[in-house]
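Contents: one structure, followed by commentary.
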Amino acid sequence: MQAYLDLMAHVRHHGTPKSDRTGTGTLSVFGHQMRFDLSRGFPVVTTKKLHLRSIIHELLWFLSGDSNIAYLKANGVSIWDEWADENGDLGPIYGVQWRSWPTPDGRRVDQLAQVLRDLREHPDSRRHLVSAWNVGELPNMALPPCHTLFQFYVAEGRLSCQLYQRSADIFLGLPFNIASYALLTHMVAQVCDLKPGEFIWTGGDCHLYTNHLEQADRQLQREPLPLPRLRLNPEVRDLFAFRYEDIALEGYQHHPPIKAPVAV
């Protein structure tokens, strides 16, 4: 994960000071890309410990099309608590848009199911896209999507995925996003009888919050460790049938965690 540390160092030393919605302040750069060859290990940050349970359960929650944090709370995941309303709801965020995008004539489009079908039937298509950025429903979302659009690409029997992320909280959020979409790529590859290829991350506003700078400096002093390997239950052939126990990361070596406040 040297590429991640390189981005962090670049923003730390060359980022432009900017104000932001939360009132915290950031150092920011605009436009950056990282590529991860999934055959060389699973791209999870090793220079601090990540809460893998949260990453896995959040992705399964997205895939279910849910927008209420009850499932997350039941599984010990609190990363969405600050944005939920008194009933635990977040509005039509990621999972709703992925699985139930509303159309003008009142229908609902399951973008993920459509992409899975097209990957199997038309792998060379250039239309394997899923978007969470529904302009008409942004006002009803607890938080507009930071990771907004992803596209799959098939070549020589390998599935790659590129994510466009409009806003990237480098210290806290980005390690989760990279691991989550790398996991999704592995899962989609398995159910489509493909091998994992690359995960390409493209960021818009890439920033470090000013109250994360000390933590970033500490992390930048640490040496990356070897990447772990992802193991999926090979019997799962339906993307929406994966459960937590079907997913395992083997050999995850990491440095100690580094705590930092969330900007809300």
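Cβ atoms here come from the backbone N, Cα and C positions, even for glycine.
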Item to check | Swiss-Prot annotation, (6R)-5,10-methylene-5,6,7,8-tetrahydrofolate site containing H51, A263 - matching residue among D124, D169 | outcome: D169
Checklist outcome for this item: In Swiss-Prot, dUMP binding by R21, R126, R127, R166, S167, A168, D169, H207, L208, Y209 extends, among N140, N177, to N177
Checklist entry - Between Y209 (dUMP binding site) and C146 (active site, nucleophile), what is the CA-CA distance rounded to a whole number of Å? => result 15
Next on the checklist: Please give the maximum pairwise Cα distance, in Å and rounded to a whole number, for the (6R)-5,10-methylene-5,6,7,8-tetrahydrofolate-binding set H51, D169, A263.
Outcome noted: 18
Next on the checklist: List every residue in the same chain as C146 (active site, nucleophile), at least 6 positions away in sequence, whose Cβ is under 8 Å from its Cβ.
Outcome noted: Q165, R166, S167, A168, D169, G173, N177
Checklist entry - Which three-state DSSP class does S167 (dUMP binding site) fall into? => result strand
Checklist entry - Quick one: largest C-alpha distance among R21, R126, R127, R166, S167, A168, D169, N177, H207, L208, Y209, binding dUMP per the record, in angstrom? => result 36
